[in-house]
Amino acid sequence: MANSHFKHTSVLLDEAVNGLNIRENGIYIDGTFGRGGHSRLILSQLGTEGRLIAIDRDPQAIEVAKAITDPRFSIVHGPFSKLAHYTEKAGLIGKIDGVLLDLGVSSPQLDDPERGFSFMRDGPLDMRMDPTRGQSAAEWLMNATADDIAWVLKTFGEERFAKRIARAIVACNQEEPITRTKALADLIAQASPIKEKHKHPATKSFQAIRIYINSELEEIEQALEGALQVLAPQGRLSVISFHSLEDRIVKRFIRQNSRGPQVPAGLPLTEEQLKARGGRSLKSIGKMKPSEEEVADNPRARSSVLRFAEKVSE
């Protein structure tokens, strides 16, 4: 069952949907349904022939989505990395007018102790966005080497004490398995020789483990490639990211596809290369950050960045 009592406020709600430039009878994909904030706003702007396909890999989000009885709406349970696959099954490749992606973990996932995402609330050390698939954080930490753990903490959390924390985790697991979020958070705090002001010592490590367990960065890369594949000419891409690792991927993807294929300079070009030289797939529309008012109302919005792009006519 969905835990509807955990509130979720969609960040940059109006801005992200406005960036899609909704067409009354268009077909849209909300790749991260969550609790449906973006989906409901998109539906409110669609006409009778419009259509919205939502995707989420969290079973709790799927339960919320099932309550929407609008015939223009459909929900798919799965990762957004497969959005091109879902679109192909529906016979809609190249016909999608807009794709919206709201990256990272949602407030209900963070706020529900049973999901195991938060170091602020004690719960089982899980961290899976889809608890029915893959290994939990506790299972991975139990079987991983100190080198593997340190690499994850450094790569996905930019944790300066990654090796020290990793050794402490392995040593603790050899004595007694770490199965609770509070136990892991306390262990990380003890292993961190320097504490940052106004920041829990476990912040970066929890982010890193969560990203690794859910393959979040690979998911984003595949979702962006899929979005480019399914969009119609003039179709819009609207992406909200919440930390630099996510935003770096989105920014690089839009930039690379706005430039077109790179060909060697100063060499005779084939006919195919000449065609490719001027070709580009996306046009960057720009980016936005939340207003001071939104950040004051929802502090989790502080680090968010919204980027827009448009599919170039073929």
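The count begins at 1 with the first shown residue.
Any Cβ shown, glycine's included, is placed from N, Cα and C.
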Same S-adenosyl-L-methionine site as GLY36, GLY37, HIS38, ASP56, ASP102, GLN109 according to Swiss-Prot: which of PHE80, PHE119? PHE80
So which one is it: of the binding-site residues GLY36, GLY37, which has the fewest other Cβ atoms within 10 Å? GLY37
How do the residues of the region 'Disordered' (278-300) split into helix, strand and coil according to DSSP? 8 helix, 7 strand, 8 coil
Can you tell me how spread out the S-adenosyl-L-methionine site is, meaning the largest CA to CA distance among GLY36, GLY37, HIS38, ASP56, PHE80, ASP102, GLN109, in Å? 17
Might you list, by sequence position, any residue in that chain lying six or more from ASP102 (S-adenosyl-L-methionine binding site) with a Cβ less than 8 Å away from its Cβ? SER10, VAL11, ALA16, GLY31, THR32, GLY34, HIS38, ILE240
Least buried of the binding-site residues HIS38, ASP56, PHE80, GLN109, going by other Cβ atoms within 10 Å? GLN109
